[in-house]
Amino acid sequence: MHVKVHETRSQAHQSEEKKVTRKQKAEGKSQDSSSPKKAKTEEGTDPEDGKSMADIRAEFEKFCKTITDHLSVKQMREILEANGQYSAGDDDAVVLRCEDIMFFGPLDNCPICGSKLECAGDSYHCIGDYSEWSSCIYSTREPPRRDESLKLPKSVESTPISDLIKKRGDPKKSRPRRELSAPRKPFDGMMISLAGRLTRTHQYWKSEIEKQGGKVNNSVTGVACLVVSPAERDRGGSSKVAEAVEKGVPVVREAWLSDSIKKEKAQPLDAYDIVSDIAVEGKGIPLDKMDPSAEALETIRSELEVFGKRGVHKDTKMQDEGARILEKDGFCIMQLIMSPENHLHMYYRKGKIGDSLRADDKLEERENVDDAIKEFTRLFEELTGNEFESWEREKKIQKKHHKFFPIDIDDGLEVRHGALGLRQLGAAAAHSKLDPHIANFMKVLCSQEIYRYALMELGHDSPEIPIGMLTDLHLRRCEETILQFVEKVKTMKETGQAAEGVWYEFSQKWFTLLPSTRPFTFRDYADLAEHAASAYETVRDINVASRIIEDMSGSTLDDPLFERYKKLGCTVSPLEKESDDYKMIVNYLEKTYEPVRVGDMSYGASVENIFAIELSACPSIDEIKKLPNKVLLWYKEFKSFEALAERLFALSLFTSRVGIHDAAAEAARYGFTAIDRPEGFLLLAVASLGKEIREFPTPPEDTRDLEEKKIGVKGLGRKKTDEKEHFVWKDDIKVPCGKLIPSEHKDSVLEYNEYAVYDPQQVSIRYLVAVKFDEQGVVYDAAEPEQ
């Protein structure tokens, strides 16, 4: 049993009760009145009582001084408690909160979740929980306040200023509106240095930095960071970089400036560090702080720390000794490790996902098995708030506030560890009895690399979590979570921050169930489709691949590729390049393809090989022949090899439809892998669109009738294939092969035509097209001959 957790918010504030000193009086004033960096505000009058804002600020400052002269922090906490306000936290925060409610009136509860609000400098935010899965995100500059008198505890009633407080807290008298200071700018109070040739001029960045509250210094002395071009890493660093490294000044990429401005918050410097490769030893940047390109390099070369449910954690250093996870009474205890000499060890590791260097881990030798099991169950109950026995026997668990939720890991080895490594691939293919083309295909299918890349691109690649060995129960939880949320959004009446809270809660829940090194807040259906549904499908398919590929790392089989091929449940046969089918498919690809764009680069596609495939999970071509309106179309949902292990196609998560296209350009968007991995695979399927086909210029909102009647749907895109070039292939199968031209539907949300079939038995996957994506418009210099 491997438990991984995601904690939604920090807990517990501790403070000491003490009298406010003279120094604290000066420092304890509100940020509105005492901060020398307070942004200037437009002078005006309070509509409530006609006083100017300057008069109100002066009066508030005087009131605060009187309060801190006569009241202790303990008394201020009591005032907050007596008026139902948030009273935890450090002393300075308590002083600010108490001054706020005594002068401007007690705060009302959060309008979203009903919890308490807290004054936090430039805004008021909720300190409560939206649900057991997430905290509340409500924030405002004009909070709701109670129209009631301020209540005073007995300890304050006897003070000389009780009358002043009562008078100030009388709701019958006009209470002024509080004017908060403007939100901080990204670079407020920061000194930044620039060096080298950047994409924008130094003068441009100097102007932008000053607009965002910062200053630019030519020297690296006393600056927050040095901004340079990423090329400095390749050059080994200039003298200015060397000076910064020597003085311990962070050296960051130019993107730190633009990202901080875009996100209106200074981004973590570690995430943009470029000197780790220059230094003798790297800085150990957590995965969640790395930019995606750096994370890719780190996770691709890193080893999986836990291979599966019974995999001994790599950091214990005991796996090479033949140690195993202790099993007793038919269930597996997480990381109770028994060495070959029957020495029992308990391994405990706790930390943030993606930040393994700062994780809290312990390896303790235990003498008594029963005591070790009791300690494990105690830790489980402490972390999750649930009894371990009910979880282990029936998988029953309830998410508790501020508690962890277990990820249920299955038996076996995850494919990132069990599949073939780069050194094994060539030997396995060379000695296989399979056709060389099929052996090469199986070599890729059984490679660790594709699964590492797939998870890395999704941000689900933490070496700490064998995400490719989840149980079916946990995968169902993930699927149900998306489906339930989609239904909730369809009927959601909340707007504004209340709606944001709904999306935020789902985001927290999702990344708890499927942990990521790059969690974020979902905003719309596009995010759901790309980062939740698509991620779920990929993780699910990788789990299937893990079970089929199993452990090939130390395989003693003569032909491991052939053994895995037999498990696929399908036949794969290479087409002859001179055959009519091969030529037809190449023509279909070339006519309906448009370059894939990645940033400023464009990528064309050339056919390397074409395989005819027959899957046991799909209807045969003979069965499809009997159906009407048969069309050869590009399959949209296939994104990588993982799904081939089970059925090569996956039904859409939100409906039971199968999405297919007449343009290879759309399929290529899914088949394209990455710039440094030019090989990709596209699928062709023969689909029967049914007796009735309906065309829609916009996607239908309600598809229930279409699903029930199995009606074929054609979504009309902004581009279509030229019908003059369409033809009929064998067995009366239509091939919409024609160059892409503008359609009459210029306002469509679809770029290309999309077809939907609501019965998977009307679709038969027929061809797997191996393509190579080539960078276009690049001219390579010819090497000069040696003299």
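Glycine residues also receive a Cβ, built from the backbone N, Cα and C atoms like all the rest.
The compositional bias 'Basic and acidic residues' annotation in TrEMBL covers 1-30, 39-52, 164-184. Residues or ranges marked as region 'Disordered' in TrEMBL: 1-52, 161-184. Per TrEMBL, the feature domain 'BRCT' maps to 182-274. Per TrEMBL, the feature domain 'WGR' maps to 309-404. Positions annotated as domain 'PARP alpha-helical' by TrEMBL: 431-550. Feature annotation from TrEMBL assigns domain 'PARP catalytic' to 559-780.
Across the residues of the domain 'BRCT' (182-274), the predicted structure has a mean pLDDT of 84. Under DSSP, the residues of the compositional bias 'Basic and acidic residues' (164-184) split into helix, strand and coil as follows: 5 helix, 0 strand, 16 coil. Here the domain 'PARP alpha-helical' (431-550) has, by DSSP, the following mix of helix, strand and coil residues: 86 helix, 2 strand, 32 coil.
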